[in-house]
Amino acid sequence: MAPARCFSARLRTVFQGVGHWALSTWAGLKPSRLLPQRASPRLLSVGRADLAKHQELPGKKLLSEKKLKRYFVDYRRVLVCGGNGGAGASCFHSEPRKEFGGPDGGDGGNGGHVILRVDQQVKSLSSVLSRYQGFSGEDGGSKNCFGRSGAVLYIRVPVGTLVKEGGRVVADLSCVGDEYIAALGGAGGKGNRFFLANNNRAPVTCTPGQPGQQRVLHLELKTVAHAGMVGFPNAGKSSLLRAISNARPAVASYPFTTLKPHVGIVHYEGHLQIAVADIPGIIRGAHQNRGLGSAFLRHIERCRFLLFVVDLSQPEPWTQVDDLKYELEMYEKGLSARPHAIVANKIDLPEAQANLSQLRDHLGQEVIVLSALTGENLEQLLLHLKVLYDAYAEAELGQGRQPLRW
């Protein structure tokens, strides 16, 4: 019995050792291997600040006027190339038990045109590239298969785009839907079937496709609006546009704050919309390319009527109107004679009250006195703007044309 007891004691010792080793080994393992992984409570509990940070959409940063100027482009030099025509094929008909088949090479497809198309949703030439290549036509095939012609490539341009070539105006795209073929596609080549004749029953001649037309065009944008606000720098044109429309041009107390034209829409009853353009400030000698120069004077050409904005707080404000009309007349004959209204701004300033009576005496016409900052007398401007538009619309309908709609 002694050996049996000794064996059982040793066996018990071995089992105890194995048990201690198993417990120590399991304890040393990572919890992730033993238990299913659970999300950390920190990931599930989000504070109010963190929740707002994740839920709120990132707001769009307001661009300064200098940065906006990069997005508004009113001039582009464009190289347009029409698509090349496809080559004709030279092959013969092949059929069992027919040794001498006739020619069956098809013609190549024509190259695609490059066309300028006016799109009302486009407001600038910034999306126009400096080079365009039309789609080429496919080559002809056997069994009289003609190649597919290249698709037409459309270039979207804004309303009021002027197309020039070699200093000469070749197209004036002033209406929505207007199109102009900027470059013609090349003609497709002829297959050998085209050269089949009585004295040549097995022609092998085929011609390559013609290259597309290449042209260098200069695109100029002239902003199309019903009314154009004209004035000297810091006269309050941008503030006035912000007051009567939803446009948000930059406003500051220094001259030449506005570096590009802005167009605001004034809404009236009956879904009538009048477009008002804020033209950058004009100085004396602007027609000689001083200041911002004549680069922005051309935007006034398409305006149907004008609003001369005068800074009433400046000494002798009537001279501003005379100088503005002179600059417009020097730039283009008859531009200053368009229907217009005189808007005297900054009536809220003390020095403006003293100049009001003198301004009316010198001009001898109705003057709309208001303050774009405080909103004083803006209703009179809106009513007069409607009168100018009605006169313009009546004149257009009398000549059989539809008024410009935005």
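Any Cβ shown, glycine's included, is placed from N, Cα and C.
According to Swiss-Prot, the region 'Not localized in the mitochondria' annotation covers 30-406. Per Swiss-Prot, the feature domain 'Obg' maps to 70-224; the stated evidence is sequence analysis. Residues or ranges marked as domain 'OBG-type G' by Swiss-Prot: 225-390. The annotation GTP binding site is assigned in Swiss-Prot to 231-238, 256-260, 278-281, 345-348, 371-373 on the grounds of similarity to another entry. Look at Swiss-Prot and you will find S238, T258 tagged as Mg(2+) binding site.
For the region 'Not localized in the mitochondria' (30-406), the model's average pLDDT works out to 82. Under the three-state DSSP scheme, K346 (GTP binding site) falls in the coil class. According to DSSP, K260 (GTP binding site) sits in a coil region rather than a helix or strand. Each of the binding-site residues N234, S238, S371 was ranked by the number of other C-beta atoms within 10 Å, and first place falls to S238. With the fewest other Cβ atoms inside 10 Å of its Cβ, the least crowded of the binding-site residues K237, K260 in this structure is K260.
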